[in-house]
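Take a look at the structure below.
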Amino acid sequence: MVSKKVYFLTSNPHKAKEVSDVLSQFSIEVVPLKGEKLEIQADSVEEVARFAAEEAKKRFKERPLLLEDSGLFVDALKGFPGPYSNYVYRTLGLEGLLKLMEGVEDRRARFVCAAALVKEDDKIVIEVGEVEGEIAYEPRGDKGFGFDPIFVPLGYEKTFAELGEEVKKRISHRARAFMKIAKHLSGE
């Protein structure tokens, strides 16, 4: 039974499904809202998400409104690609990032998601979710998207793309951020 409906601004159907899977556990229905979120170049996904939420609340009337920004932060690359992950994925791809990691022993990395909620009263709430892990030596698996085939979450031997949706919707950075958002939605 659905107790609440929210709108999720994204152009990525994979993210829409992941967020829907997470929030459905809290009886929250996610309605994808087509449109581009306006982004700034910033050093943190939180800054990008906050700016995008401020802009989205001016352009869209639907409430509550959700959006997110996320990034892969690789320790040996001083946090790169971080908030530029989408651009790096589109231009360099998995192989390009792996090339940057050639000969690098320190494979530690983390995915960070900043989920933004524009509430009924137009107040903005930002919640952050993180998952620690490491960069694999080659792409593995076909169940994910983005950098999932090269990210092995801490405590696992498989990449996100090998683990699949059932595990990812419990442990991913996006799942962790939106589980926190669910508490705000339940209390509204």
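Cβ atoms here come from the backbone N, Cα and C positions, even for glycine.
Since the structure is predicted, the reported quantities are computational estimates derived from the model, not experimental observations.
Lifted from Swiss-Prot, the feature list:
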ACT_SITE  ASP69  active site, proton acceptor
BINDING   THR10, SER11, ASN12, PRO13, HIS14, LYS15, SER70, PHE145, GLY146, PHE147, ASP148, LYS168, HIS173, ARG174  substrate binding site
BINDING   GLU39, ASP69  Mg(2+) binding site
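Sequence features annotated in Swiss-Prot and their locations in the structure.
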residue : record                       : DSSP class
THR10   : substrate binding site       : coil
GLU39   : Mg(2+) binding site          : coil
ASP69   : active site, proton acceptor : strand
GLY146  : substrate binding site       : coil
HIS173  : substrate binding site       : helix
Check your understanding: What Cα-Cα separation, expressed in whole Å, is found between THR10 (substrate binding site) and GLU39 (Mg(2+) binding site)?
Key -> 12
Study note, to complete from the structure: Per the 10 Å Cα distance test against ASP69 (active site, proton acceptor), the binding-site residues ASN12, HIS14, GLU39, HIS173 reduce to GLU39
Review point. Which of the binding-site residues HIS14, SER70, GLY146, ASP148 has its Cα nearest to the Cα of GLU39 (Mg(2+) binding site)?
Key: SER70
Check your understanding: Between the recorded positions GLU39, ASP69, whose Cβ has more other Cβ atoms within 10 Å than any of the rest?
Key -> ASP69
Check your understanding: Cβ-Cβ under 8 Å from SER70 (substrate binding site), same chain, 6 or more residues apart: which ones?
Key -> VAL45, SER85, PHE111, VAL112, CYS113, ALA114, HIS173, ARG174
Point to revise | Which listed residue (THR10, ASN12) has most other Cβ within 10 Å, given these are binding-site residues | key: THR10
Check your understanding: Among THR10, SER11, ASN12, PRO13, HIS14, LYS15, SER70, PHE145, GLY146, PHE147, ASP148, LYS168, HIS173, ARG174, listed as contacts of substrate, what is the widest Cα spread in Å, to the nearest whole number?
Key -> 20
